[in-house]
């Protein structure tokens with residue numbers, strides 16, 4: 001990092017943290033007590049804070065990583081600063097933990113952008129800082145910086161694990177992946193993703209060697225067109241059945257293999273992935289979740305995906321491959337018809353934005369969910385097109401992880417999309433400075449509206465005296 005870039009990054013990070021502290025104070029003044037899932041998380045952390053480590057709220061569905069980390073930070077800080085009484089492990093103190101995670105996420109996002117795009121000399125330091133700031137303010141993640149939820153910590157350890165993986169420190173990466181798993185069990189998918197990065201890199205090297213041997217056969221390792229898929233599939237089978245290759249891959253990925261094996265032991269002993277209340281978190285094949293994620297991504301990445309050149313390029317591709325797109329459309333219609341699930345929380349809880357998205361869009365008419373398929377097809381094409389700079393093996397690996405982390409979820413919940421979105425956004429090419437500024441301005445606008453509604457547009461339910469607030 002050059003000196004000017006270091007100063008610029010320090011200034012951006014300090015400024016963002018200061019503004020976050022001011023917003024944190026505003027949220028803490030308006031909502032002093034636990035809200036939403038905090039009514040489970042805060043008492044559990046306070047029980048740990050008082051040494052009651054065997055106490056567990058059966059309504060909590062995640063492992064105790066957040067509470068253990070919180071106690072590990074708050075208790076030493078209280079001892080050093082002489083804090084006593086109710087201030088130790090108070091709601092505000094526990095929420096502040098996520099403010100620290102948010103600052104850490106900013107730094108990790110910058111380091112990841114630097115590492116992933118280090119070969120692109122056209123990217124300036126200012127662009128890296130701007131992009132890191134934008135992603136640090138990603139609305140769905142940034143909102144939960146100010147509440148005691150698992151999301152900021154979950155993202156922190158997953159991004160840290162990914163960074164260590166990219167630098168080849170796989171034992172540290174797996175250890176950080178375990179920390180991420182302790183915050184949210186589904187983060188094991190991103191441990192598989194890290195291992196998949198290693199495998200994809202080796203596959204790409206072998207594929208290039210294979211192409212070098214057959215120069216007369218003009219096959220690109222980075223396009224993955226329909227005509228190449230059979231050849232790539234054949235190459236994958238031949239590579240992966242080789243004992244020598246398997247030994248090499250195992251030697252490189254053994255820390256991740258141990259962690260994934262531990263996960264399966266945990267699932268076997270626990271009787272499932274969810275701890276605590278399982279009645280509302282049943283796994284199912286909810287394939288439309290992929291379509292919801294693509295729509296979510298188009299919304300938050302419109303400067304990348306909704307641009308005239310991409311639309312023209314999509315229409316040209318549609319004209320050249322009508323049969324393939326027709327087949328994709330038919331499959332999408334079938335998946336929506338047979339695999340759409342509506343969780344009871346989605347219909348009942350009017351505090352979440354997803355409640356209004358579902359009611360205002362999908363519940364307008366039975367046919368709406370089918371009429372959106374052309375948009376889903378475009379979103380999927382545009383999403384894949386922005387990843388064309390990655391190898392076909394990386395794309396395949398990411399897509400498998402994306403399916404694994406979204407499809408089993410019955411509940412439409414935007415928080416489940418945070419990590420797959422960030423991984424995607426980190427790996428696509430940089431835009432022009434104008435479009436980067438547009439993206440940042442859009443995120444700031446969405447955050448401003450979100451916090452205005454949360455702080456000022458309160459309401460009450462008929463059967464409750466508690467103040468209710470709108471949130472992600």
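Cβ coordinates come from backbone N, Cα and C, glycine included.
If you look up TrEMBL, you'll see 6-27 (among others) marked as transmembrane segment.
Residues or ranges marked as transmembrane segment in TrEMBL: 60-81 (among others).
If you look up TrEMBL, you'll see 93-114 (among others) marked as transmembrane segment.
Long-range contacts of the transmembrane segment (126-149) within the same chain: residues 5, 8-9, 12, 16, 20, 23-24, 27-28, 34-38, 41-42, 45, 66, 91, 94-95, 97-99, 101-102, 105-106, 109-110, 113-114, 117, 155, 300, 414-415, 417-418, 421-422, 425-426, 430, 433, 436-437, 439-440, 443-444, 446-447, 450-451, 454, 471-472, each at least 6 residues beyond the stretch ends and with a Cβ under 8 Å from a Cβ of the stretch. Marked as transmembrane segment by TrEMBL: 126-149 (among others).
If you look at the transmembrane segment (254-275), the same-chain residues 6 or more away from its ends with a CB under 8 A from one of its CBs are 60-63, 170-171, 173-175, 177-178, 181, 185-186, 188, 191-192, 194-195, 281, 283. The transmembrane segment annotation in TrEMBL covers 254-275 (among others).
According to TrEMBL, the feature transmembrane segment maps to 287-307 (among others). Among residues of the same chain six or more beyond the transmembrane segment (287-307), those with a C-beta under 8 A of the stretch's C-beta atoms are 138-140, 332, 335-336, 339-340, 369, 372, 375-376, 379-380, 382-383, 386, 402-403, 406-407, 409, 412, 414, 416-417, 420-421, 424-425, 428, 431, 435-436, 438-439, 442-443.
Sequence-remote contacts of a segment are chain residues at least 6 beyond its ends whose Cβ falls under 8 Å from one of its Cβ atoms, and for the transmembrane segment (327-347) they are 280, 284-288, 291, 354-355, 358, 369-370, 373-374, 376-377, 380, 410-412. Among the features that TrEMBL reports, transmembrane segment is placed at 327-347 (among others).
If you look up TrEMBL, you'll see 367-384 (among others) marked as transmembrane segment.
Within the chain, the transmembrane segment (390-407) has long-range Cβ neighbours (under 8 A, six or more residues past its boundaries) at 186, 189-190, 192-193, 196-197, 199-200, 203-204, 207, 221-224, 228, 232, 285-287, 289-290, 292-293, 384, 416-417, 419-420, 423-424, 427. The transmembrane segment annotation in TrEMBL covers 390-407 (among others).
TrEMBL lists 440-459 (among others) with the feature transmembrane segment. Long-range contacts of the transmembrane segment (440-459) within the same chain, counting only residues at least 6 positions beyond its ends with a Cβ under 8 Å from a Cβ of the stretch, are 23, 26-27, 30, 130, 133-134, 137-139, 142-143, 300, 302-303, 467-472.
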CB contact flag for the transmembrane segment (6-27) and the transmembrane segment (367-384), at least three pairs under 8 A: no
Tertiary contacts of the transmembrane segment (93-114) (same chain, 6+ residues out, Cβ under 8 Å): 1, 9, 13, 16-17, 20-21, 24, 27-28, 41-42, 45-46, 66, 69-70, 73-74, 87, 128-129, 131-133, 135-136, 141-142, 144-149, 151-153, 155-156, 159-160, 162-163, 166, 422, 426
